[in-house]
Each structure stands twice: as structure tokens, then as C-alpha cells.
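Annotated active site per TrEMBL: Asp242, His291, in sequence order. Annotation source TrEMBL lists active site, amidino-cysteine intermediate at Cys395.
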Amino acid sequence: MELGTRFPPCKLGRSFSGWVQRTFQSTQAAAASQNSCAVDDNKATAPVPEDCPVCSYNEWDPLEEVIVGRAENACVPPFSVEVKANTYEKNWGFYQQFGGQSFPRDHLKKAITEIEEMCNILKMEGVIVKRPEPIDWSFKYKTPDFESTGMYAAMPRDILLVVGNEIIEAPMAWRARFFEYRAYRPVIKDYFHRGAKWTTAPKPTMADELYDQDYPIRSVQDRHKLAAQGKFVTTEFEPCFDAADFIRAGRDIFVQRSQVTNISGIEWMRRHLAPEYRVHTLSFKDPNPMHIDATLNIIGPGLVLSNPDRPCHQIEFFKKAGWTVIHPPLPLIPDDHPLWMSSKWLSMNVLMLDEKRVMVDVNETPIQKMFENLGISTIKVNIRHANSLGGGFHCWTCDIRRRGTLQSYLD
């Protein structure tokens, strides 16, 4: 099911041009409205009323409503310095050749079909599904600081973070994703009008100063060395973060400093969510950190998946709290399958429908067996072509409402 009005690409293009000629300043739209969804500061621990359309505190409570992304009109981002730092050398020629153009159309068509089937399966499991608007991402735009074309609205997890009854729009860090929020505005406005809180983080200018223009990438060894030194392509010129670098466990929210999330962005989120939530920064042995959910994925109370290829330096934090740390099996994605923006570890990028149901790739039999041994039923769906665009089930979704209450799982 979709919300909002569909606009033809030509109309979107003209309005797009008007938008980008103006001064770019973000506003923080948080509604402490006089409806049943507003939370009294003196009763912050009270559960959100049932009629609030937005409510999610963790990654595993029973899923009731979700936004699923779109592959329609997806475009290859221009090969800028921040894209280079987040992609593998074997794909650089692809970006140089096709930046600003559509991803291979036959591949996109298959990805669209896969995601439609995923939506149908979610609906059959009793989940309400909403979608972003289709937009022409090939349109070229110019701000006072840069020029770019767009990318897609495929991964709502990258741009939206739900904490309680609040939707937080991430500022993002790729220039090709500067206007990605526009695809989600109709559905977010609907949630807002129905009582949800809505916050947009400060929008970065994405001026040249936000990026290390001489970021020295020549090999995987370079990436390992730089990451170990805490050096990334994004500077601290202004706050930036992708929502997918955060993962929730009730009052505790975990984040990583990555190529797209800087310390200033983490600090903005920490201050914004305090004192009700505690934001913990984790680090990993990862040569190319970008989004936490294929490196560390929390799948239940006291249960966390930890990527064996990217060990967490703070994993004892979970163990001392009595959590079970599980290392998922090696993925089965073939070497010749295109993964333009991710690694094979999308196999662990799963979506929990509740503590006993998980959506996994139909091709990934080892991780299916792992979940079944844990007593978790697997809902098998094929999204191999959708994987190529940079995400698994967790990336392709943003859980809007889960049936549960705010709790602490690490005290």
C-alpha cells in the first residue's frame, strides 16, 4: 500500500530544480502535539498509546508496519571521493563508466520484481507495508557547494531511524543522496499528521571540506590501516550520519564511526536522545565501515549476530551483560554475482518479524539452519538482484511500528 500522490517524473524534475536553487537549511520538526501520541516529559517511560502510528524500540518486537524501499529509477552515483571510499576497487570502472546513469535495466527489473514479492510476503505475514514515492533520480541538481545526480530510494534503513514514536531523518553523507528524503516525505507527513514525532537532523552542506579529498585508498591494506587509525573520508567539518550506522536495543542504541557517520553526527544523536537513551560507539576490524547491520545485527533480547570477518572490539560489553554472541556462517553469494555497494555479508542483514520469525534469503541455507537451531522460523525470500543495489532485508526496510514497550536489556 502506498501513500501520497504520484507525480510524473517531468513535474518532479521541475519542482526539484526549484528546490535546489534556494538556500539549504534544515529544520527540526518535532511535534509535541496535543494528541494521544505526544509523550509527557514527566512520563517518558510510559508506553506509547496504541493509536500512535509510529512506535518501535528494538529490532525484534512483533512487526506491525514497515516501509519498504523502491528500486524504480535507481541510478549509479557519480564517482566522487566519498563513493570511491565506500566501494571496492573492482567496481570503480563501473562507477566511472555509468555514474549518473541507470543501473543495468534488466537487473533493475528483476530487483523490482523481487521486492514486490517481498512486500506481498510481508503482507501475508500480517505486516502493513508502505512505500516511498517513485522519483526520477537521473535529474542533475546543483547547490551552492556541489553538483550531482541522485541515486535511489531503495534503502529506507539508511535514511530513517525510528526511536519510540519519533522518526528521525538522517542527514546522509553522499552527495548523490542529498535529496533522497523527498521520496519519503508523503508517507512521513502522513505519520506526522496522525500524531508521530518527526525530526530532521541538521542538513550538511556537503561542501568539499566535509571530505578528505586526498583520502589515500589504493588497496584493502590501506583501508585497514586508515580505519585502525580512525581516519575516514568524511571529516568533522559538520555533522553527518546515515541511520543504518545505528542499531537499537531498547534504551541502548549502538553506532559506529564509519565512512558516512562522523563523530559530530554521533554526538548530535547522543544529545538529541539523552537522557532517555544511551548511545554507545562500537568499532570493528573493518577496512570499509559503512552501516552496522551487516557487521553486528541484534536479533533478540540478549542475542546478537557478530560478523566473524569483522570482529567487534567491544564485544565483551555484550558478553558481560549476559548476552549470547553468535557468529553467522559464511555467505553463499557467488563470486560472479554483482554487488556494487556491499559485501557478501548481506546474508546476516536479516529482518526479524518477531523473536521467533526471521526473513532470510532463500539461497542462504547455512544461516537458515543457524536460525532454525535457535528455534527461530525462517521466512525465505529471494532478493539476490536487489542485493546488488547495496542491501539485504534489514536495509530494504524501516520498521515503523513494533508491538512492544521501552525496556533496558543491558542493565
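For all residues, glycine too, the Cβ spot is worked out from N, Cα and C.
The Cβ of His291 (active site) has 28 neighbouring Cβ atoms from other residues within 10 Å, across all protein chains displayed. The Cβ neighbour count for the residue listed as 'active site, amidino-cysteine intermediate', using a 10 Å radius over every protein chain in view, is 26. The Cβ of Asp242 (active site) has 25 other Cβ atoms within 10 Å, all protein chains considered. Cα of Cys395 (active site, amidino-cysteine intermediate) to Cα of Asp242 (active site): a distance of 11 Å. In this structure the alpha carbons, written CA, of His291 (active site) and Asp242 (active site) are 7 Å apart.
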